[in-house]
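As recorded in TrEMBL, the features of this protein are as follows:
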type	residues	note
DOMAIN	23-288	domain 'NADH:quinone oxidoreductase/Mrp antiporter transmembrane'
DOMAIN	290-343	domain 'NADH dehydrogenase subunit 2 C-terminal'
TRANSMEM	59-79	transmembrane segment
TRANSMEM	91-115	transmembrane segment
TRANSMEM	152-171	transmembrane segment
TRANSMEM	178-196	transmembrane segment
TRANSMEM	202-219	transmembrane segment
TRANSMEM	240-258	transmembrane segment
TRANSMEM	278-300	transmembrane segment
TRANSMEM	321-345	transmembrane segment
Amino acid sequence: MNPQAKMIFTASLLLGTTITITSNHWVMAWTGLEINTLAILPLISKSHHPRAIEAATKYFLVQAAASTLVLFSSMTNAWHTGQWDITQLTHPMSCIILTTAISIKLGLVPFHFWFPEVLQGTSLTTGLLLSTVLKLPPITLLFMTSQALNPTLLTVLAILSAAIGGWMGLNQTQIRKILAYSSISHLGWMTIILVYNPKLTLLNFYLYALMTSTVFLTLNSMKVLKLSTLMTSWTKMPSLSAISLLTLMSLAGLPPLTGFLPKWLIIQELTMQEMAPAAMIISLLSLLGLFFYLRLAYCATITLPPHTTNHMKQWHTNKPVSMLIAVLTTLSLMLLPISPMIFAII
């Protein structure tokens, strides 16, 4: 792709995200979401491969339907209350329609069907944008309307997302699909706490974006797209493969790594809200995710199982790891252990 065109599309992504997260009016928020959708489509389909074109088409149709529902929800609320302000969403039907629309945009179960397919049809860098940057505007809208949303509906969606995200990721061999189902599972954790403590949802999202960026950039630097090629990555970049084991464990939420922090706080908040059964169920469902993260780590670092697949062997080069990956990896691993020291300094 032309560098100037890529710069324009990336700038448009930042513009659309900024418009949505800073707006108070529903039409401005909708405009930002539309700019985001139109900016990411050329980045998805830039390889001109039939699978990439299919992914771009699916993404466009799903996001157009979700944007229509967002506009319909805001118009219904304005019709009944006379308010176009995002924080003044009070009509019950508008709240349910908005929850459905944002669930489609994020890929929450049962509207998750498009996300793994789209991620499978794109490159790892575009997949990173789809998993992080493009999820910020919808989550911001949920954050701004959290006081009006139905807690029972959100809890059901969250537990279903954690369950399906865990179950469907178990038998995948394509790494992008595994990361897509991982994203769906993490969205369940963000959604379940939204009504009770919206700031925890944002904290969870920020830490998820940090850890997912680390994993995507690590896999991109090793040029790995499926488990069979991940098995040969040790010979190319041994130090990066070794540290990716810990990054995957952090994404799974194992203590004392960074990924444990949001899960710990969410379980604590759910218990304080007398939702111990929901906390127990979603904690048990996170073990499904732990299994396929361990599977990835096993393939990457622990052993090379016997197989008959022919691989394109790459020349062993001491390719330096970029500074960005080094910084993100350090934060993904050490943010929770060093937090007492940070607080002591402050």
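For all residues, glycine too, the Cβ spot is worked out from N, Cα and C.
Just so you know, TrEMBL annotations are computer predictions that nobody has curated.
Long-range contacts of the transmembrane segment (240-258) within the same chain, counting only residues at least 6 positions beyond its ends with a Cβ under 8 Å from a Cβ of the stretch, are 182, 207, 210-212, 214-215, 218-219, 221-222, 233-234, 264, 286, 289-290, 293-294, 296-297, 300-302, 321, 325, 329, 331-337. Counting C-beta pairs under 8 angstroms (sequence separation of 6 or more), the transmembrane segment (202-219) reaches the transmembrane segment (321-345) with 3 or more such pairs. Sequence-distant contacts of the transmembrane segment (178-196) (same chain, six or more residues past either end, CB-CB distance under 8 Å): 106-109, 112, 115-116, 119-120, 127, 131, 135, 139, 142-143, 146-147, 149, 151, 154-155, 157-166, 168-169, 172, 204-205, 208, 212, 215-216, 251, 262-263, 266, 269-270, 273, 275, 278, 282, 285-286, 288-289, 292-293, 296. Proximity of distant same-chain residues to the transmembrane segment (278-300), defined by a Cβ-Cβ separation under 8 Å and at least 6 residues beyond the stretch ends, is recorded for 155, 158-159, 162-163, 165-167, 169-170, 172, 175, 178, 181-182, 185, 188-189, 192, 227, 230-231, 233-234, 241, 244-245, 248-249, 251-254, 263, 266-267, 270-271. Note on the domain 'NADH dehydrogenase subunit 2 C-terminal' (290-343): mean pLDDT across this stretch is 73. Sequence-distant contacts of the transmembrane segment (91-115) (same chain, six or more residues past either end, CB-CB distance under 8 Å): 33, 58-59, 62-63, 65-67, 69-70, 72-74, 76-77, 80-81, 130, 135, 138-139, 141-142, 145, 148-150, 153-154, 157-158, 160-161, 163-165, 180, 183-184, 187-188, 191.
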